[in-house]
Each structure stands twice: as structure tokens, then as C-alpha cells.
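What TrEMBL says about this protein:
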type: DOMAIN; residues: 9-199; note: domain 'Thymidylate kinase-like'
type: BINDING; residues: Gly11, Pro12, Glu13, Gly14, Ala15, Gly16, Lys17, Thr18; note: ATP binding site
Amino acid sequence: MKSNLFITFEGPEGAGKTTVLNIIIERLKQQNVDVLGTREPGGIEIAEKIREVILNPAHTAMDERTEALLYAAARSQHFFEKVEPALNMGKLVLCDRFIDSSLAYQGYARGIGIDEVLAINEFAIGKRMPDKTFYFDLEPAVGLARIHAHNEREVNRLDNESLLFHEHVRKGYYEVIKRYPDRIQIINADQPMEKVVEDAWAILSELLEK
Ligand SMILES: Nc1ncnc2c1ncn2[C@@H]1O[C@H](COP(=O)(O)OP(=O)(O)OP(=O)(O)O)[C@@H](O)[C@H]1O
Ligand SMILES: Cc1cn([C@H]2C[C@H](O)[C@@H](COP(=O)(O)O)O2)c(=O)[nH]c1=O
């Protein structure tokens, strides 16, 4: 079985990334796979602190370039402190969001430009890219409704953006997928949770067997 793969979960708000990732990690652990689950922004102390600054709903004055730089700073620290050492130890790493979030949210939806945000990130982490990315596709209105209905986590500054912004995020992801069609695998997130899990599990199992 192949290990030390770096796999990222991407998609709009409420698409089910965190829920699916947690279920899959439990299954992998039951099969004795050496797996690390983590998230962005965050995953380690410094990056979690940066997360608090970025996502604080009171920080409405944050400039979009500041936002892009903060995400890249959190990514750099998280990648070199946690992700890369885990991969070097032979672990499978599953990460809830990574660079494609920056390309879709800051690059496309904020209007900074995908190439410009890519350049900031190349400074932060070099040319490192995930081995595979699962993109959970869902109408933003459905995802936002899930978050507001379930009330399981605090609504953050990005959630508070307009529906139009979140629709731009989805278009941004489509642009990113056009750039990296081999790396990014689309999963229909507008299905019952169990089916979404099975779709992701099937792709992952195939990858691990290669
Ligand atoms: N397929 C699904 N059908 C219905 N509800 C779902 C589905 N997937 C997730 N949910 C619910 O939607 C909410 C958001 O799910 P989750 O936190 O996993 O999404 P997410 O993609 O990680 O969101 P975000 O990126 O905004 O944090 C949760 O209450 C979860 O139980
Ligand atoms: C990594 C990353 C994230 N974002 C946005 C996407 C979400 O709105 C939040 C993170 O919240 P989640 O509940 O953990 O999904 O941050 C972004 O805009 N750019 C990024 O690089």
C-alpha cells in the first residue's frame, strides 16, 4: 500500500469536507493506516493564531492582500512544521483546505489574480502541491444553508460574505480545476452524506493501492 501521500480536501462552505475527512480518518485508523488529519488555516499553534486573526468577524477592514498574505504565512508555518515532517515519516496526510482555497478565494473571488496568489504561495512553500485533491462541489447557497441550519460552528468573517462572493469562489475553483485537471478530482457533494463518503473512499482506496 502506498503511503506518504499528501491529499487535500477543497470546496465551498458547508460542502462536507470536515465531516467526510473525519469519517475517512477513523476508517483508515481502523485499518492501521498511519494517517495524519490536519486543517488550514491552522493545524498548529502559530497558524491557529493567524486563523483567529483572519476569520474574526470583527475584522471587516482587512485588506484582501493582507488576507492573502496571512493565509500564505499560516500555510508556510503549518507545512514546514507539521505536514512535511509527517510525510517524511511515511504518513498519509489529509488536509482540510490548502493552496487551492487561496487561489479560488483570494485569487479569483477577491480579484487579486490566480497567478499573483500563486506567486505569494511559491514564496511561502515553494512549488509544493498536493498529490491529489478532492474537490467537493456544491451550490454555495446549499452549503451556507447547512452551516446556518446546523449551527455547529461559529459563523466566521468569510461566511459573512455575500452569496455572490461565494458563487465567485465556486467559479474560482472551476478555474483552478482547469489548471490542474489531473490532480483535482471532483466529488458531487449534493448527495446524502453516506454517498459522499463512499465516493471519496473509493477514490482514496484506489490511490492507496496504486
Ligand atoms: N452531504 C450532506 N448532506 C447534508 N448535510 C451535510 C452533508 N455534508 C455535511 N453536512 C452538514 O453540513 C454542515 C457543514 O459540514 P462540514 O463542516 O463538514 O462542511 P465543510 O465543507 O467542512 O464546511 P466549511 O469549509 O465551511 O467549514 C455540517 O452540519 C454537516 O453535518
Ligand atoms: C485555507 C484558506 C481558507 N480560506 C477560507 C475558506 C473558509 O471560508 C475559511 C476557513 O474556514 P473553514 O471552516 O476551516 O473551512 O477560510 C481562504 O479564503 N483562503 C485559504 O487559503
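Start at 1 and count along the chain as shown; that gives each residue its number.
Using N, Cα and C of the backbone, Cβ positions are placed for all residues, glycine too.
Remember, TrEMBL labels are computer predictions, not curated facts.
As the structure is a computational prediction, the values presented were derived from the model and not from experiment.
Sequence features, as recorded in TrEMBL, placed on the structure.
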| residue | record | Cβ neighbours (10 Å) |
| --- | --- | --- |
| Gly11 | ATP binding site | 27 |
| Pro12 | ATP binding site | 26 |
| Glu13 | ATP binding site | 19 |
| Gly14 | ATP binding site | 25 |
| Ala15 | ATP binding site | 25 |
| Gly16 | ATP binding site | 22 |
| Lys17 | ATP binding site | 25 |
| Thr18 | ATP binding site | 16 |
Candidates near ligand 1 among the binding-site residues Pro12, Gly14, Lys17, Thr18, judged by a Cβ under 6 angstroms: Gly14, Lys17, Thr18
Assigned element (helix, strand, coil) containing Lys17 (ATP binding site), judged by DSSP: helix
Three-state secondary structure, which DSSP defines for Gly11 (ATP binding site): coil
